[in-house]
Every structure is written in C-alpha cells, then in structure tokens.
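Engineer: Handing you this structure, nothing more for now.
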Amino acid sequence: MDCTLFRRSAGLLAGAGALALAAGAADAASLVKDCGKDGKYVIGFSQANNAEPYRQHVNDELTAAAAKVPQFSLQIADGAGNVNTQTSQMDNFITQKVDLILISPFEAAPLTPVVARAVKAGIPVIELDRRSLGEPGKDYTAFIGGDNFKIAQEAGKYVAGTLLPDGGEVAVLEGLPSSTPAVERLNGFKDGVKANAKIEVVAEQAADWLPDKAQTAFAAMLQAHPNIKAVYASNDMMAAGARLAAKGAGKKDGDIKILGTDGLPGPAGGIRAVAEGEWSATFTYPTGGPEAIDMAKAILIDCAEKVPTVVTVATTAITPDNAKAMMGK
Amino acid sequence: MNAEPPRPLLSMRGVVKRFGGVQALRGVDFDLRRGEIHALLGENGAGKSTLMNILSGVIEPDGGEMRIEGVATRFSDPRAAQAAGVATIFQELDLVPGLDVTANLFLGREPTRAGVLDRGAMRRAARERLAAVGADIDVDQPVGELSVGRRQMVAVAKALTYASRILVMDEPTAALTAAEVDRLFGVMREIAARGVGIVYISHRLEEVPRVADRVTVLRDGLVAGVAPASAPQSELVRLLVGRPLAELYPKRGAQAGETVLKLERARFAPRRGRAGWQAPDDVSLEVRAGEIVGLAGIMGAGRTELLTALYGAAGPGRWSGVVQIEGRPARLASIRAARGDGVGLVTDDRRGSGLLLRDSVGRNLVLTVLERVSPFFLMSRAKESTLARQAIQAFDVRPPQPEAIVGALSGGNQQKVVLAKEVLGEPRLLLLDEPTRGVDVGAKGEIYARIRTLAERGLGVLIASSEMPELLGLCDRVVVLRKGRTVAEFAGGADEHAVLAAAEQSEDTSP
Amino acid sequence: MNDAAPMRAAPAAPPATARRFDAFAIAVRFQSVIGLILVTLGGIVFSPRRHGHILFLAPDNMANIVRAVSETGIIAVGMTFVIITAGIDLSVGALLSLCSVLTATIMTSGGYGLAPTILFVLACGTAFGGAQGLISNRFRLEPFIVTLAGLQVARGLALVISGNQYINISYGQGPGLAPPVFAILGDRLFDNTVPVATLVFVVVAAIATFTLNFTRFGRYVFAVGGNERAARLSGVPVSLVKVSVYAITGLVSGIAGVVHAGQFNFGSANDGTGYELTAIASVVIGGTSLFGGSGSMIGTVAGAVMLGALANILQLNNVNAALQLLATGAIIVLAAVLQSLVRRREGLGR
C-alpha cells in the first residue's frame, strides 16, 4: 500500500493534471474495460449528509471540477446522515450501472458491505474524506482525503514557531468528543506545539463543533486563565464563537491569536475572518473533490492501469499574508 | 350454614398499620367463617381498604397477627396471597381492556403446552368459568367493549380461578344495574355455599341484609361494632357515623316558582354517534325555580347524556323539539352558550372532570368566575379571596383554608368544592350528576341540605342518580328515563319498586 | 362521559400530615432555587482562585454564565407554559435556527429596516408555533408527534432558505448590510458588564412570570393542565389556551432566533440542535411537572441558570465533556424523583 502525498494549493480548481499517476507495467490491463476519450460517463457521489455546511462545500467543489470534464455527468445522492439511506442509494447506483462511484461513508462499518458489492459489480469506488473498513486498492479502489492529525499539527507548528515564538498559555476547543476528526485534530495540535517547550496547553474543552458552545467554553477558559495568548479551534465556527468570547472579555482582535480549521470560503467562513484580521490563521481541510475528479479522469478517460490507493491532500495555511488573495478565488 | 367450625377460616387480631403520620388501623380484629358472606362497612378513611390490602398482600401490617385456618400467615405480595387461596376483586377492576376475555381470565397464569400458549384449552376453560358464575359472555370479545356489569362478572370469574378459600370484593355493585346486582348476589351465595368465605365491602347499607350474614363496621381505624346483617339500618348508620343521624334528607320546600327548564319532545342529535352513548330522544320534563327534580333510570338509560347535552358539553349536535330556559328558546350549542343561558353542571366524576386536584381550594372555586375576578385580564387577588372564603363558609368546606390542596380533601369535602364552584357561577338551572357518589353518609346529609337550600333560594335543580333512595328522599318529583325517553313521573317519596319497575320495564321487549 | 364511567372513590385523606409535609412540598416547589444555591456554593468551593479571588464569583464570570443560558432560558420560559398544560414542544431548537436564518437573510437582502424585520421574524415564529397548536388541537394529535414533525419542517425550511450555508450578517449602511445597531445583541452594556442577550432573557422572563401568575390567561393555563375536562366544563376556552401556548413557544423561539443571529452575526440551519432538550430540562429542574397543572416560572429561570452555572464551574476546572453530561443527567433525574415523591405524597399516582 503506497502512500503518495500531493501538495496542492487550496486553489483547487486548477485542473493542472498535477495528479501524477504511476504508470503501471505495460502488460497490466486498464482498471475498467469501457474506457476511453470518446465515452460518456456517469459518476455517482454518495454524500454522507448534505446538512453539514462543509459537506455542501465538498459538493460544490466536486460539481465545479466535474463540470470541466465534458464526458462526465455527476449525480449526487444525499445520505442524510443515515446509513440505511446511504446504503440504498449506493445500491441504486449499482443497479443503474454508473461508471464510477465516489462515497463519503457516514459510518465506516455499516457501509463496508455495499462498497464491496459495487466493487464486485465492476464499478471503481473512490472513498472521499471518510473511509469504510477494508483495504484501499483491494476492497475499494482508492481513498482521497485530508489528514486531520497533520492539519492540526501544522496549526500547532504555526503557533509554536510563528505566532508565539516566546511561548505562553494556549487553549484548545475540541469538536464533538465522539467523532474521530475531533480526536485527531486535538492530538495533532498538541503534537505540533511540542516544537516549542515554552508553550503550555492550559485548557481543552469540547464544544461539539458549535459556535455557541465554543463561546461559552472559551469565556470560562479566559476566566480561569486570563493569560491565554492563543486558542486553536478545531473548526471555523468554533473559532467564530471563541472570538465573541474574547470580545466579551474586553479583548480586541489580535490580543488573542485565534486559529480556525477548514478554511471555508464565503462571508461566514474562516478565510474572510483571517483577511479582516479577526483571526490569526485558519487551515484548510481540503475537500479532495478536484483530486477525485482527476482520478476519475485517469481511470475512465485515460484507461489507467493503476492509481495510487491512498491520496492525502495537504492543508494550506491561510494567514494574513495570503488570505486576501485567497478570498478572490 | 349453621354448622359452626371450631375455628374461623380467617382470624385477624390487633392489626396495626401506620402511613407516615396517619394511624390507618389501630388494632383491628376481624373474623371470617367458612361459607360466610361478611360485609365490611366504613366511611372513607375508616380503614376498610387498608385492612383488605393487608389480607390480599398488597401491603404488610406493622403489627398484629393473621391466621388462616389457624395457621399464622403473613403475605409479602399479592401472589403469595393468591397462592394461599385469597383472591381480591378491586374496585378498579384489574382487567386489561385491550385483551379479550379469555386472555384476561388467565393473565399471568396462562396454560401452555410445550412452552406454547394453549389457546384452545384456555377458551374452553374460560367458557366453563363464566358459566360457573352464570354469565353469558363471548370469550373472544375484548374486555374494553363489555359493559361495566359484564366486566364485573369477568373479574369475579377471574378471581374464582384462584379463590379457593377467601374472596374479597371491594364495592362490586357500585356500577351495576338492579338486575345485574341480583345476579351477582346469586353467584356470591353459590360460591359461599361451596365453603368459600366472602368479604364484601360496600357503601350501600340497603344491600347488606340482602346478601350478607354478618357485618363488621370500621370507624377511624377501629372496629365500631359487629352485628348480624339483620340489624336495623339505623343501628348500622349509628355505628358508621358514631352518632345517631337525625334525618338524612332535608324537608321538602314550600312552593315552586317560574319554569326554569322546559323540555317537550326534546331530542338531541349528535353529529357523530358514539357507541354506548344514549342520546336524549323524546324527553319531556319541567324544572321550576325552587324545585328539585330527580332523573331516574337504569345504567345506559341516558341520564348523564341528557345532563351533558343540556350543558352543551356533548360535542357537536343539535337539539330539536321544545327546549326553553326561563321561557326563552335555548340552543345550548356549547358549554359557554349554556353557561350564558344560566345552566351549571356538577359532573359525576369529580376527580376526573370536576377538580384541579393538585391546585388549591381557592383556585378551584373561582374557576367558573375567572372573568369576574380578573377585570382587564388581571387577576384581582382581593376579589378572588373574598369569593373563595364566602363559598367555603357557605358550604362548610373542611379545612376552611382556600390554600389547602383539593386532592388532599376527603371525598365529601371535594364534592362540596365542586358544588360550591358551580354555584359561584350563579346558575339558574343546576344540573347534578351523582352528587353523592363516593361520599360518606355523614357528608351526604350535609350535601342534601345544601342542595335544598339552593333550591329554596330559587334555583331549579335537576339531579341524576343511580341511588333510588336518594332520589326519592331528596327530590320533589322524579322523572324516569328509559333509552333516552321520559317514560314516567312520580312525586317525591313514591314507592321505590314502582319507580324501579318503570325504569326497567320492557327492557327486553324493545327492538 | 356516560353512566358506564367506573366509579373512583377518593382515597383516604391524611389531613393531619398535610401540614407537616408542607415544608417538604415547598422545598420541592423551589427545588431549582435551592439547587442553584447549592451549585453556587459548590462553585465557590471548587472554583479556581487567583490572588485570593474566587474566579467563579468574578462579575464577568457571572455575566458569562447568564449570557450562555440566555437563549435556552428564553425558550424554557415559553416552554413552561406548554408543559404546565401537560404538552411538549420539540420544535423550538429548529425554530430558533429557522428564525436566525430568516433574520440574517432579510437583514442582508434588502433595506426593510430593523424593526419590521424583527417583527416579521417574530410573527413567523408565532405563526409556526400557533399552527402546530392548531393542528394538534384540531386533529387531536399528541403534541409530541406534531412538534416532532414541526422540528423537521423548521429544520428543512432553514436548510432551503439558507442554501445550507452560514448566512453572514455584515453591518453598515447600504444594500446587503444590516443596521449596525442590531449588533448590540452581542454586546455588553453598563461598562461592558451586562450582556444584552441576558437583558432580553430577563425581560421575557419578567413578562412571562407576570402573565402566568397575575393574569386570567395564566390561570387558564394551570386549569387546562390541571384537569382539561374540568376546565372545559367550567367554561375555560380550552382550545384557545392550547393553541396559544404553542404560539408562545413559537414567539420565544423567534426571539431567541433573533438574539442568536445578533450574537453570532450569522444565521445557520445547523444551530439550536438539542436546545429543546436543554429547555425541557430547565423547566423540569425548575419544578414544573410534565403531567401538567403545576409549575413555576421563577423555578424555570433558576433551573436554566443552574444548568449554566454547573457547566461553568466544570469548564473553569477544565473538566472533560463526559463528566459534564453525567452531572447534568444526574440533576435531571434528581429533580424528577423529587417531583414523583411529591405526587405520591399527595396520593395522585406515580
């Protein structure tokens, strides 16, 4: 199982074909039989839950990337946060004989069997952002996604090296404690700040990804530790809540370094907040959408015989230096 | 039943039970012989239920001893009592309405064959059991669809499945028609003849000599006396109340005034018919100011339905025929309309539909006059308190505090609150449905006196009751209802049997 | 209502004990106030200290607590009316979300002015709640079911209107910008001490307390919950009351939605999740019976503040989330047990 790390900017829409696909041995057969430049291909995307704004963002990026390939038409099915719904939608894709399936499984174990059914039916399955159980390259074609631990680790390193080189007290706002990304981001950040021994993580509280809970929790943290110099929020909405708490405690923007995660575009997202000086930085959680379409192109149009089985898409740090430029994109 | 066995079937000696600060039983002795029907009388709170709950294993006594056939016994739960052959039919029948008769009869002790319910055997046994109590009931019918009388029979049959020695019946006749009561008494005598001892709890003094052999009267947690069932009723009342009761019913009023309610060939057609709801159908009667008119009839004759429809509370529907209140035609289309016409109703179910049990006496009393005590929608505590205190005084509610929680009052005092609440609304026609149901003999007299006082002040009163002596003792006239129709009218004090005959006559011949 | 109604005699009344146990009944009636005092004492004992000062009691920490509970508190106040009528409203959190989305959308999409926007949103909330009341009443459906459906509908509408995005509110003059004065909802007044959201909570709670205790409508609410049939037979306009209380929860959800949008400067279809449960917990801890007929508005307010104070003291000590959930759950059970003891003491069933 090889692991290829692709460095990409968050300007993900550039279809530069940077996806360097490992060309396999000459005698290997292509992954799907009916491939080639002239075909028309239906790609089915089984989304976990449209109701989360981040997932909407994934849909948007995926739609935009697919629109650039004239041979592709993309169908998005909303699993609505329900494994049963998502399973039956996957079965529909199999019945329709779509040419390729993308899936973000809402939960790993319950969706593993239907992924296997699709592969058995000869449909390549690319898992996006979330994995089912089983081995990529064998039980499904490939996994494309960000690495929560690494993203948060980048944020930790940024605090340790750039924001607080002289050290100080730092707080963490965790996501929903039962979710894997929440744990990975918490651990990643704590690992990242280890680079600077003078930094001390004095408080960590779960705020369930929600701005209102983050505001309440960070207000209490500021009471208990008035010298907190930076707060790492495991998503952008909690960073927004943390800023309100800082304001409530009489702090001005910049007094406390606020770091978000996700780097969502739009007026309510983190990129704008950094550009306007409300926060110090946010770290994009790449959707993997363009990468997924690139891989679909490789499989369906270029008749690739082999694709990388795990593609980790790197984060981009949004800082005051690049935020304004990023906003235009 | 003359052969007296040397030792009684059941003997309870010095039984003591305390609930928190209340001494419910202060050392009660109670004997039951084999084959005897022993009536247990007592006002509410006298300790009858506590004593029987101890006998049936629902609660454990604090002191005293209980012997069954000479063996000292103590039941830790109802199952233990059942295993010892003691069965109890509670007032709230412990039947599951959604299950059929067969399933109810064998609930918790279903016969099985190889772990599977043996439906066939159950149904056969169920038919036999019902036949044994002389009841002709379809064993496949859900219990909820049966009349109360039939449910009672099912409960008796069920209790007999494990009542090998003692059967306790708590007010079994409260909801039965005269014919059903006769049948039940017959069954009871047959059971007793088989050697089972029966404890029979009742409010109805007049039933005691008809069925029982002996009477034990409880008062305030003590035995007030044991008497043969043939003892005169006045003697039983003296034991019950602790003092001689001068006169239960007040003297009849002088003269009647203007007509308050006039019904002539009146008929109420509900928009949606309901099973078991006997709509008023051809009712002719008059209630005049100062007059108390009784409404007699067997269960299902439509007494409650008539009162409900007159109060506009019977749901959507239309009155036809002559319906006049104080000489003017009335539509009585809704409760608010009826109240606007000066009609007031006291329901037969004060806990279910009469009172806010968890609220105070004062707040209950002003419920009908909230508009009067809240000018501009703001509650006036002063007006509220004045009205409540007046009502409490006029009806002698005990305790006399408006702050007392209604649910903690005795049944009689609760009934007084319901009555006072309705009277505060200043009705000109007062409809009373079973005004003394579940009320002690002592409190009954007080309630009768207050109803008479109201009539003397110019109210027209229409009373529906299933207690014939009450109707004949209290009312100036009694109108008999049968299948929603008025069929006869008697003067107050008429012969009970004549009224009963009119009420039950031709029951079987009608289509 | 017919002759077949089984007779139920009143159980023996224990008048002698009624007075003796009154102290207990009063204690339970104000259990949340007592609970709040206990939590406060606990807060003082377990609070981190700095330079000898108890952080828990610091004025701005107190302000943090009452700000944090203001939105759920506003909702709990309305919920108290519904629960006293023995009803329940599960749609409030979703309705808050819908109203925050409406506020943000209208504010940023045209110059409708501040007051008309807020009034419109509040009218929408009231109409939504009232419609649930009407449906439940007209078709005799359990409020649980109707408001569960309402929750889905409100959440769905919010998703559709917001296009599943956080609708940001930017302030300024001109098209697409909200009047800057609206941002006051996220501010603190009086030398940056008193959160405006809390002031809204206080005003709503004061009006509700007055309505419940000193108006005819309040008495109707108690009567309907205490015994609906008795209330109807006594001439109380039961249907009107039952529809009104859901209109009230709709209104308070609208108010909380506007406050939410003002505090966070955006409207979102994802917020307010679980608020209905926090609000119901506040009401129950406040001593209002889910069986209806009894309750206290002061108790609800104290219950809401108590939950906030409890979370605060745990957060000040950096206690993890699991323990916070356990503590809240334990308090809800305790409150319910006390209620049940009172009911049993009154002989009114379990």
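The backbone N, Cα and C atoms fix where each Cβ goes, and this holds for glycine too.
So TrEMBL has the following annotated:
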TRANSMEM  C:23-47  transmembrane segment
TRANSMEM  C:68-88  transmembrane segment
TRANSMEM  C:94-123  transmembrane segment
TRANSMEM  C:194-215  transmembrane segment
TRANSMEM  C:236-261  transmembrane segment
TRANSMEM  C:298-316  transmembrane segment
TRANSMEM  C:322-342  transmembrane segment
Engineer: Under 8 Å, at least three CB pairs between the transmembrane segment (C:194-215) and the transmembrane segment (C:68-88) (pairs 6 or more apart)?
Structural biologist: yes
Engineer: Among C:68-88, C:94-123, C:236-261, C:298-316, which stretch has the highest count of C-beta pairs below 8 Å with the transmembrane segment (C:23-47)?
Structural biologist: C:298-316
Engineer: Count the Cβ pairs between the transmembrane segment (C:236-261) and the transmembrane segment (C:68-88) that lie under 8 angstroms and are 6 or more residues apart in sequence, then report whether there are at least 3.
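Structural biologist: Yes, the stretches contact each other.
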Engineer: Where else in the chain does the transmembrane segment (C:94-123) make close Cβ contacts, counting only residues six or more beyond its ends and a cut-off under 8 Å?
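Structural biologist: Sequence-remote neighbours of the transmembrane segment (C:94-123) are 71, 75, 129, 150-155, 157-158, 161-162, 167-170, 175-179, 181-182, 250-251, 253-258, 260-262, 264, 266-273, 275-276.
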